[in-house]
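Asker: Structure in structure tokens, see below.
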């Protein structure tokens, strides 16, 4: 050390000490940042702030858009080529995989803290879980028994239903300019899909029964996140088991028999599992979008996705709806976004 000190001199020793001091301060600052971030996530308010900081409206809606397009393509494989025509059971698998992933997150302490029980009545959580089951399950069932055009026309009815419900429940109004914009978007989707309208009495009843749960589902997701400090993942963790219970109750009534006789080989199982994983991402991204924007904005995003898919199919796949719909087996040609663009 004496030889080293003599070679470095006083200035060299000060330089080493200063570098050690800077490294120590940097390490201390990093530890303080980790500690503050950990403490921030230990409260529902802090977790909500982190969600808003890293996932604003643009990020959330872009995330939801790309996942929705991805799951449409995957479900075309699952319900088309694979032939898995059990819409309620497919939705059930999506939520079961979501619950399993959330349980892993909770075990690893990655799941944000839920708000205190006194701030949100348990009846609200139960109601949201039940409505999610009906919104998601009936969406897939409607798509199975109706044409794509009729399904999209029913989706258009969700927009005024949300506006009316928010006015009745929260006295929330929208400006005349927004009314005109919503009307223009809805008219555009109607024009794009009207050539594919095919009426089925049972399918029409399912579609009508789906509209109200779908609207209320989006309103509750948006309201609980924006007013009660819920994060998307924390709310998913609380509601998913309830949704699974009600989907199990719906299966015997709306799904055809034979799910156990389905050919569960490796290829088919992998395709269905991929759909389920995307279903989790779709539910999460949809919840983030509802928390960052509003129920009305989310349903308009869904209509925009429809327009993009129709235009993309025309440009990339030469798919032209034409003036007369092609008569093809309904259950083999239509797919949804998880069923669950309407899971959130």
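Yeah, the Cβs are placed from backbone N, Cα and C, and that goes for glycine too.
Sequence annotations record features per position, and here TrEMBL assigns transmembrane segment to 54-74, 86-105, 125-143, 149-170, 201-220, 232-251, 271-292, 299-317. TrEMBL lists 62-312 with the feature domain 'Sugar phosphate transporter'.
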Asker: Quick test of the contact rule: Cβ under 8 Å, at least six residues beyond the ends. What residues does that give for the transmembrane segment (86-105)?
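Answerer: Apart from its flanks, the transmembrane segment (86-105) reaches 75, 78-79, 111, 136-137, 140-141, 143-144, 233, 236-237, 240-241, 243-244, 247-248, 250-251, 254-256, 259, 262, 272-273, 275-277, 279-280, 283, 336, 338-340, 343.
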Asker: Per the 3+ Cβ pairs under 8 Å rule, pairs at least 6 apart in sequence, do the transmembrane segment (54-74) and the transmembrane segment (271-292) touch?
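Answerer: When sequence-distant Cβ pairs are counted, the transmembrane segment (271-292) touches the transmembrane segment (54-74), since at least 3 lie under 8 Å.
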Asker: Determine which residues of the chain contact the transmembrane segment (271-292) at the Cβ level, with the cut-off under 8 Å and only residues 6 or more beyond its ends counted.
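Answerer: For the transmembrane segment (271-292), the sequence-distant neighbours (Cβ-Cβ under 8 Å, at least 6 residues beyond its ends) are 51-52, 55-57, 59-61, 63-64, 67-68, 70-71, 74-75, 77-78, 82, 84, 90-91, 93-98, 101, 218, 221-222, 225-226, 230-233, 235-236, 298, 301, 337-341, 343-344.
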